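Scroll down for the structure; my scribbles are underneath it.
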There are 2 protein chains.
Amino acid sequence: MLYLVGLGLSYKSDITVRGLEAVRKCSRVYLEHYTSVLMAASQEDLESFYGKPVILADRELVESGSDKILTNADKEDVAFLVVGDPLGATTHTDLVLRAKRQNIAVEIVHNASIMNAVGSCGLQLYQFGQTISMVFFTENWRPDSWYDKIMENRKIGLHTLVLLDIKVKEQSIENLARGRPIFEPPRYMSVSQCCEQLLEIEEKRGTKAYTPDTPAVAVSRLGSASQHFKAGTIKELSQYDAGEPLHSLVILGRQCHELELEYLLEFADDREKLRADVLADQEYFKPAPWVPPAEEEDSD
Amino acid sequence: MLYLVGLGLSYKSDITVRGLEAVRKCSRVYLEHYTSVLMAASQEDLESFYGKPVILADRELVESGSDKILTNADKEDVAFLVVGDPLGATTHTDLVLRAKRQNIAVEIVHNASIMNAVGSCGLQLYQFGQTISMVFFTENWRPDSWYDKIMENRKIGLHTLVLLDIKVKEQSIENLARGRPIFEPPRYMSVSQCCEQLLEIEEKRGTKAYTPDTPAVAVSRLGSASQHFKAGTIKELSQYDAGEPLHSLVILGRQCHELELEYLLEFADDREKLRADVLADQEYFKPAPWVPPAEEEDSD
């Protein structure tokens, strides 16, 4: 049996009871270690909690070496651990398909992921549109196809969850070229950097998918003891220090209801300013006001 | 401390280890019991698992009697259990706001909900638009504002998660009028009923937000041992018996990628027909093909 087990967001104890029971009976335990990290637990913490070794699985192992992960999984139990939900923010459907083709039974143990836990910022999950990913811009690579997706979401009034890039086990071009297994320290995109990239692309495109004054929510360390939310405009958040990783961002849509706003105001430096910013931003993409149809025959 | 603890989708052991630790130290434990139910665990199962009584909280208690729930929560620990994630498919933000106003500390213990676990049908969570709810139609009440939301999602190619109505602890109009505390047996909307209502409203509106041939995925008992997916057109699923509750539905959007389709084909009665249906449906809301801009000056 291959168990795909979600670990939730932060603590070793965020695993479900059922997930823990599965892990404890597995002969091999892999931890997917390139799309996210568990904020409040190290590999050693997990090993002592599970009572067995945990093998870190980088992108190469998962994408090219999945046969290694699946070895003997038809006869013994193997666990593949994923931060968040196993089929949530990241796709591991490919691993499931490969297992099925080898007639290996698969069991999914779900858990919270950023995709649903972000509801704790007070915005309704019902009102979110498609999710986008923001990668670190480099000198020559500044992809902005997400801009159109924000536009599409905002045109119909929906909020946009922005997932921020992380770089774990990256090599410098020099080390890569020379085949030296030396890795750069991990990097995690901050809310402020994300907002700067948003502003840069809006300035370049100029079609007002959002503006510097569009309200957004900085989400930091969601699900951990130091979880924090800050509501402000994109411009304000581009200068905001959200502290330690991991960060995410939510860009508001027009459909921000009174109860959502009331909740958000708790996270604002200046409540009245945020209220005014939300109201002003709601003017964008506002449907034309309803006008009664002209009467075909004038009764006067 | 008020703990809002997500229970996940199905088993008593779907609670997280951290959630269980919290529940076990609480002096009172409420289970929210009107927006969803835990499929594979009864109230008694939970009570013996937690080692303490569990109080069922109906809508009236949560919406009008929240002071009762919050009594002494500044001095002792109280747990409020929610199937899925506490701030997921259902809003309990109001309870959080009330607690905060009374200076009661609140801790959220997240868990999987339908909103993220639906990713296990193989469709990418990134590509979902706003979520809609389908209520039981009555003779005089057939609300269809969700139709416009499906249209909005499909216009930009996104999938739509449809949450299906449940009726727990409902009274007949006669019993209500006579003040008799007699409750109807619980009712859970089926995929087929949902699809019938979809077809009825499409026939009435006629603006092709979707058609009878639009592909969809019937999701039944997600997260339980008998979890099942069936992919077919809305018309086909209107005649499909998805078995025991709980059910949900996903209506496909145009942005259905090859890997998503490959996964879905596993759930089709007729793989070739489903593939053809998906391709045909992708013609709706298709953006106009890109045409190179006419050259301003002809160089010939």
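Including glycine, each Cβ sits where the backbone N, Cα and C put it.
Listed features, source TrEMBL:
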- B:1-237: domain 'Tetrapyrrole methylase' (DOMAIN)
- B:Leu9, B:Asp85, B:Gly88, B:Ser113, B:Ile114, B:Leu164, B:Leu222, B:His247: S-adenosyl-L-methionine binding site (BINDING)
Practice item. Sequence order please: the binding-site residues B:Leu9, B:Ser113, B:Ile114, B:Leu164, B:His247 that have their Cβ under 8 Å from a chain A Cβ, otherwise just none. Key: B:Leu9, B:Ser113
Check your understanding: For B:Leu222 (S-adenosyl-L-methionine binding site), what is the tally of other C-beta atoms lying within 10 angstroms of its C-beta?
Key -> 23
Review point. If you run the three-state DSSP split on B:Leu164 (S-adenosyl-L-methionine binding site), which class comes out?
Key: strand
Point to revise | Whole-number mean of pLDDT values that fall within the domain 'Tetrapyrrole methylase' (B:1-237) | key: 94
Point to revise | Local backbone state of B:His247 (S-adenosyl-L-methionine binding site), from DSSP in three classes | key: strand
Point to revise | Tertiary neighbours of B:Leu164 (S-adenosyl-L-methionine binding site) (same chain, Cβ under 8 Å, six or more apart) | key: B:Ser133, B:Met134, B:Tyr188, B:Met189, B:Ser190, B:Val191, B:Cys194, B:Leu246, B:His247, B:Ser248, B:Leu249
Exercise for review: Can you see whether DSSP assigns B:Leu9 (S-adenosyl-L-methionine binding site) to helix, strand or coil?
Suggested key: coil
Point to revise | Neighbourhood of B:Leu9 (S-adenosyl-L-methionine binding site) by C-beta distance under 8 A, where only residues 6 or more apart in the same chain count | key: B:Leu38, B:Met39, B:Val83, B:Gly84, B:Ala112, B:Ser113, B:Ile114, B:Ala117, B:Leu222, B:Gly223, B:Ser224
Review point. Under a three-state reduction of DSSP output, how is B:Ile114 (S-adenosyl-L-methionine binding site) classified: helix, strand, or coil?
Key: helix
**Study point:** B:Asp85 (S-adenosyl-L-methionine binding site), number of other Cβ atoms within 10 Å
**Key:** 33
Exercise for review: Count the Cβ atoms, other than its own, that fall within 10 Å of the Cβ of B:His247 (S-adenosyl-L-methionine binding site), considering every protein chain shown.
Suggested key: 24
Check your understanding: Judged by the number of other CB atoms within 10 angstroms, which among B:Ser113, B:Ile114 is the least packed of the binding-site residues?
Key -> B:Ile114
